[in-house]
Every structure is written in C-alpha cells, then in structure tokens.
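J.: Marked as domain 'NADH:ubiquinone oxidoreductase chain 4 N-terminal' by TrEMBL: 1-103. The transmembrane segment feature in TrEMBL is assigned to 21-42, 48-73, 85-104, 110-131, 143-162, 182-204, 216-241, 247-266, 273-295, 339-357, 377-401, 422-444 (among others). According to TrEMBL, the feature domain 'NADH:quinone oxidoreductase/Mrp antiporter transmembrane' maps to 108-390.
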Amino acid sequence: MMKFLMMIIFMIPLCFMKNMFWLVQMMLMLIMFIFMNLSLNINNFCNLSYMMGCDLISFGLILLSIWICMLMIMASESLYKNNFYMSFFLLNIIILMMMLYLTFSMLNLFMFYLFFEGSLIPTLMLIIGWGYQPERIQAGMYLLFYTLFASLPMLMGIFFIFDCLNYLTIYFMKFFNMNLYLLYMSMIMAFLVKMPMYFLHLWLPKAHVEAPVSGSMILAGIMLKLGGYGLLRILILFQNISMKMNFIWIIISLMGGLYISLNCFCQVDMKSLIAYSSVAHMSLVISGIMTMNYWGYLGSYIMMIGHGLCSSGMFCLVNINYERLHSRSLFMNKGMMNFMPSMSLWWFLLMSSNMAAPPSMNLMGEISLINSLVSWSWLSMVMLIMMSFFSAGYSLYLYSYTQHGKYNLSIYSFYTGVSREYLMLILHWLPLNMLILKIEYFMIWF
C-alpha cells in the first residue's frame, strides 16, 4: 500500500510543469490500473504496510476515488483555457487524492479519523478558491462547522476506546462490544453528518451550488461515501446497542428521504436538485447499514459505488450546460434537445441510472436495500414505495424540463459538445452499468 502512496506523492512536481495536466490525468489512470491488480484476500486485510492495509470494502472505494479524481481534471478544462491557477488546482486534487487514499487504507482508528477530517481542507479550498459566487465563503463555513462540530465528540470517543482497549486497530475491534450510549452517539454522529442524514444535511446543497464542477464531483462521488465507509467500519463495535437504537436513524432517514424527494420537485437550480437527490439516496444507504444485516451492508455498499459514479456524471452534465448558457436555472435551460441532440442521449442515460433503471448498479443496490428494510419491518415498505416512485419522478422532471420545451431565444451561437465531454460521460456511465455483470464479486466481499 505504501508504494501507491509514494506514486501519488511523486506526482506533485508534475503539477507545476507547464501544460502537463494531461500527464497528471494519465498517471492517475495508470495508478488505478496497477492498483486493480492487487492480490486480495477475501476474508481479511491484506497488502499490509505500516498502518495501512486493504480489504475488499476499501479496495472499491479507493478505485472510485482515483477514478473520480481523474475525471475531475478532465471536467475542469475551462480552468486550463483561462489559465486560472491550474498548477495549484492540480496540487489540490493530488493532496485530496492522497487524503482519500489514506482514509480508506488506514487500519488505525485515530489515523483514519485524522485523514477523514483532513480531506475536508482540500475540498474547502476547492470551493472557496474556484467557486462561482461570493456566497461560496458562507457555503465553505457551513461545510466546515457542520463537520467539525460533529467530529470533536468522535475524537473524544476514540480516546476513550483507546483507554479501554489499549489499541485502535480496526480489524480487532470485532472481538469487543461497547454498551455505552454516549460513546455510540459520539462515534456515529460525525459519519451521519458526512453522509448526510436528514436534519444534518443543510451544508450539502449550499456546498454543491457554490462549488466548481470538480468540487461537486468529489463531494457527491467520494465525500458522502466517507460517512458510509465509517459506519460500516465502526458499527461492529456497537452490535448490541445498535439492535436497540438503530430504529431511530432508520425512521429519520426514511421520513427525511421521502420529504427530500418531494422537495426536489420544488428546485429550480439544477445543481441544487441533484444535491437533494443525493441526500434522498444516502438516506436509503443509512437505513440499509442500520438494519445490521447482510442485505443492508451489501446494498448500501453497491449503492455508494453506483451513486458516486451517477451523481458525479450528472454534475458534469449540468456543467456542460452551464459553460454554454452561464445559468443553472431550469427556466433558462430549456429545449436543449434542439441544440445538443447527442448530449440529450447522455442526459437520458444518466437520469435513467439515477432512477435505478436496469442495468445500473443503483438498481442492484436498491433491490438489496429494499430486501433489507422490508425484512427489518414490513411497514417500511410504504416509505420505500413512495421514495422509489418520487425518485423516478424528479429524474424525469429534470430531464423533461431541460431537454424539452421551447428553447431560450437569447441563445444565438452554440456548439454541441466536444469529444472530451463525451469521453467524460462515457467514463461515468460505463463502469456504472458494466459492473453489474460482475456483481458476484460484491456478494463475495461481504
């Protein structure tokens, strides 16, 4: 695992070489393909080095991190054209990539916490440095304070666990059970804010709306998955207490997810709509993890990977429109099918994946999560039916509003899209829909 960290660190000088952003992109792709060839043990952590190791849960999320970071560079062509501090932008992405890699590969709970919080800094710099409106400062403050207020109790909880067990190795924690309510609350609250759970989600739409396309991609693609990964790792310590307490989070998530799905129909900003749809999807993931059964863990993991690719692709589509019309409003982005018929196909493909149509990974994830939640309580079926219906509803709403209708008369010059944009969308859509062919690997992982 250390060799991959060294490869990422030695990419830093490339950021300051003139016109070398393509080389950084190719190097990230190379690292990903080498990383895919790791020999993995099905049951345990392997490739151990220092405090780092990799099991099959962290393997998929590290691959997703490298993939999304590579696509972030591809999506940020306008920064290169305008020469807008491209070197520092690339440096920021490499540092963020390094933080995410270390977060997912750490075996020590404290070191995991350190990099979990450390990944916030490059994201904040992306939003404040390359965001669009002056309100980005406020969005950055929301992101910072929501996350930090929840994470300080978690730090106290980690110190308490060390005091009790005298070690913090994640793998050995499955041999112990902690029955302390306050510890349970302090440990999971940071992850619930990061997911985010309903009631703790207000920072997400603000951050997405103000962030540049690369910031939105990393927020939707990876940052929300940090919370799910943390829950998958930490709940093993609280198995007994989870059986008594988890119904609270499931009820809040299902009710909140339904309300957020309805809220999506009221949005006029395309980025805001996709951000709220992320909260609705993540509420299903939280519910699945909190059921503490096989289907829930499997479904939430598949849903996290699928949603990371799908929502990132949708933010790319919004940015493609924004670069041409300089507006994200649904009132301005109308009748795009007249101008960009080829792009309309990609809108359709990614929207259909977002509403969990086959053959996307989102479908497999939702089926597993529905299995898990209905086996936990058949009453949850009512919420799940409505959430699935409204998720299809707001996806169709966004597609039909942007692609159909009378186009904006102020448009007088246009180009339909360049090969870079189509390649970027293909690289989101192909893994999202082709990984379903190898779904048995996900079954083995758990």
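The backbone N, Cα and C atoms fix where each Cβ goes, glycine too.
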J.: Cβ under 8 Å, sequence separation of at least 6 from the ends of the transmembrane segment (422-444): give me the contacting residues as numbers and ranges.
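T.: Answer is 42, 56, 67, 71, 74-75, 298, 301-302, 305-306, 309-310, 312-313, 316-317, 342, 346, 349-350, 353, 358-364.
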J.: Mind pulling out the one from 21-42, 216-241, 273-295, 339-357, 377-401 with the most Cβ pairs under 8 angstroms to the transmembrane segment (182-204)?
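T.: Ranked by Cβ pairs under 8 Å, first place goes to 216-241.
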J.: Under a Cβ pair cut-off of under 8 Å, which of the recorded stretches 21-42, 110-131, 247-266, 273-295 contacts the transmembrane segment (377-401) most often?
T.: 247-266
J.: Give the residue counts of the domain 'NADH:ubiquinone oxidoreductase chain 4 N-terminal' (1-103) per reduced DSSP state, in the order helix, strand, coil.
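T.: Breakdown, helix to coil: 72 helix, 7 strand, 24 coil.
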